[in-house]
Amino acid sequence: DRDSCVDKSRCAKYGYYQECTDCCKKYGHNGGTCMFFKCKCA
């Protein structure tokens with residue numbers, strides 16, 4: 001689902017989004033961003 005990467009990918013404190021983005025892309029999303037240290041797929 002849309003938040004399938006929240007628990008699978010960490011969001012670092014200073015904007016290291018790559019892990020989140022890669023996870024989201026793997027699940028067919030366009031990418032991801034970090035909000036409040038949680039990964040959100042877009």
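A Cβ is built for glycine as well, from the same backbone N, Cα and C atoms used for every other residue.
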**Report entry** Candidates Cys23, Cys34 - disulfide partner of Cys5 as recorded in Swiss-Prot
**Finding:** Cys23
Query - As recorded in Swiss-Prot, which of Cys34, Cys41 forms the disulphide with Cys11 - result: Cys34
Query - Cys34 (disulfide bond) to Cys20 (disulfide bond) - Cα separation in whole Å - result: 7
Report summary line: argmin Cα dist to Cys11 (disulfide bond) over the disulfide-bonded residues Cys5, Cys20, Cys24 returns Cys20
Query raised in the report: Taking just the CA atoms, what is the gap between Cys41 (disulfide bond) and Cys5 (disulfide bond) in Å?
Result: 7
